[in-house]
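One structure below.
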């Protein structure tokens with residue numbers, strides 16, 4: 001078929017679908033498809049890995065109270081224990097990119113679960129601070145693997161029309177894990193001190209077992225299969241995870257093009273270039289990047305840095321401490337207030353999943369970060385008032401609690417999920433796994449620095465000053481996102497590279513791409529083999 005049919009010597013002016021149709025034909029603006037249930041199930045199973053990190057963050061915020069009492073550790077040891085998992089996870093996230101290119105996304109998820117299972121058991125049976133640190137190291141490697149692989153796998157298996165919705169699932173499960181950790185704190189807080197924190201940490205092994213069972217029902221990523229030359233298997237997966245057979249064919253065609261496989265090659269198994277397991281990727285990312293890759297890398301790393309540098313782990317990990325500074329003195333009261341933080345985070349992230357593919361990444365990201373600046377500034381103000389007062393000020397305490405809840409809500413509705421969605425979808429196919437792993441590495445290092453220095457920071461500049469600092473960092477992030485981040489909503493993973501390369505001029509490229517897709521849908525374009533209106537010459 002051609003985009004403008006010729007019948008009996010007459011050029012038809014009615015647009016007809018072309019063989020080389022674009023994904024715009026399947027986007028919600030043209031036809032709102034139903035959610036693909038198989039892709040939905042795959043995203044759920046892959047995202048279970050994120051529960052591992054969320055649970056550890058949530059449970060440690062409460063368990064540390066009892067660990068400090070039982071093991072008699074000082075504030076510096078407490079800081080290190082709270083944040084060291086993020087540094088340890090750097091090992092896992094750096095290794096995960098190469099591992100997933102070598103053995104596949106699916107088995108990397110299995111490996112993540114197995115490592116965390118061992119780490120949770122070691123922490124649960126720890127008899128000393130040193131033993132506990134060994135368990136944290138093992139669990140950290142598993143968390144690093146999980147953080148990198150869940151969004152990459154989900155992005156690669158999702159159809160373009162619902163990729164934002166499905167790729168936000170890892171952040172949903174992180175928040176769900178945090179909430180489970182908070183609930184676990186409260187549930188086991190009545191046990192004897194030496195048993196309570198061990199149950200809190202050790203029970204985290206249960207999600208790992210569920211993950212290992214769930215992975216058995218998951219297919220391998222179609223993009224990884226194509227990169228290995230296993231086209232037959234990739235086609236079967238795409239048929240199940242696409243909204244239609246036509247879309248599956250288009251996705252396969254574009255992935256083949258990105259992988260350098262000729263379109264006429266239709267064998268179930270084909271030979272691919274030797275560099276199909278990730279070799280040479282670091283050179284393309286850092287030594288000889290194209291302008292587009294350089295732009296993508298800066299955006300991918302930048303969004304991970306600012307997600308953590310704006311203070312989310314300080315709020316989540318140290319929420320009992322913040323509430324104590326605000327005037328809540330009982331342990332039960334601090335833990336209950338912390339559970340409220342978990343509920344707010346979980347509810348707002350669920351709302352965000354339905355907005356990503358409707359509103360877009362950029363509007364949600366900007367509105368989220370601007371709201372975070374306001375809430376952090378107000379939180380710093382209220383904590384400063386409380387810190388300088390010799391008696392309780394009810395309105396300041398109420399304002400402090402409200403701003404903590406507002407901050408985590410604003411983070412979860414934009415900055416939280418979009419970081420994982422955006423960084424997993426902008427890298428070109430061959431660079432995606434290891435590029436995403438670099439973003440996760442920066443995320444974990446930044447998180448580790450924040451969580452391991454927060455107590456020292458607020459002792460040095462006051463707890464209010466610490467949140468003023470986070471507000472300043474979030475302000476810089478607002479300007480950075482506004483200047484350099486193009487909208488990726490509705491774009492196929494293979495179209496992304498066209499949006500990047502011009503740090504300031506990306507808006508013009510986005511307009512050109514939108515105009516081109518509109519012309520293709522309307523049948524009046526001259527590209528992609530379509531016949532121009534009023535002209536019978538094919539380009």
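Cβ atoms are placed via backbone N, Cα and C, with glycine included.
All annotation found in TrEMBL is predicted automatically rather than curated by experts.
Predicted, not measured: the structure shown is a model, and the values here were computed from it.
Feature annotations, reproduced from TrEMBL:
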- 38-68: transmembrane segment (TRANSMEM)
- 42-489: domain 'Major facilitator superfamily (MFS) profile' (DOMAIN)
- 80-97: transmembrane segment (TRANSMEM)
- 109-131: transmembrane segment (TRANSMEM)
- 137-153: transmembrane segment (TRANSMEM)
- 165-183: transmembrane segment (TRANSMEM)
- 195-218: transmembrane segment (TRANSMEM)
- 231-258: coiled coil (COILED)
- 335-356: transmembrane segment (TRANSMEM)
- 363-383: transmembrane segment (TRANSMEM)
- 395-420: transmembrane segment (TRANSMEM)
- 441-461: transmembrane segment (TRANSMEM)
- 467-485: transmembrane segment (TRANSMEM)
Non-local residues, at least 6 beyond the ends, that sit with Cβ under 8 Å of the transmembrane segment (335-356):
58, 61-62, 164-165, 167-169, 171-172, 175-176, 178-179, 181-183, 185-186, 189, 315-316, 319-320, 323, 328, 364, 401, 404-405, 408-414, 416-418, 421, 489
Using a Cβ cut-off under 8 Å, which residues of the same chain at least 6 positions beyond either end of the transmembrane segment (195-218) come close to it?
41-42, 45-46, 48-49, 51-52, 55-56, 59-60, 62-63, 66-67, 70, 106, 109-110, 112-114, 116-117, 120-121, 123-126, 135, 139, 142, 177, 181, 184-185, 188-189
Among the ranges 109-131, 137-153, 441-461, the one whose Cβ pairs under 8 Å to the transmembrane segment (80-97) are most numerous:
137-153
Along the coiled coil (231-258), what average pLDDT does this model show?
85
Let me spell it out: take the transmembrane segment (165-183), skip the flanking residues so only those 6+ beyond its ends count, and list any with a Cβ under 8 Å from a Cβ in it.
35, 39-40, 43-44, 46-62, 147, 150-151, 154-155, 157-158, 200, 204, 207, 316, 335, 338-339, 341-343, 345-346, 349-350, 352-354, 356-357, 412, 416-421, 424-425
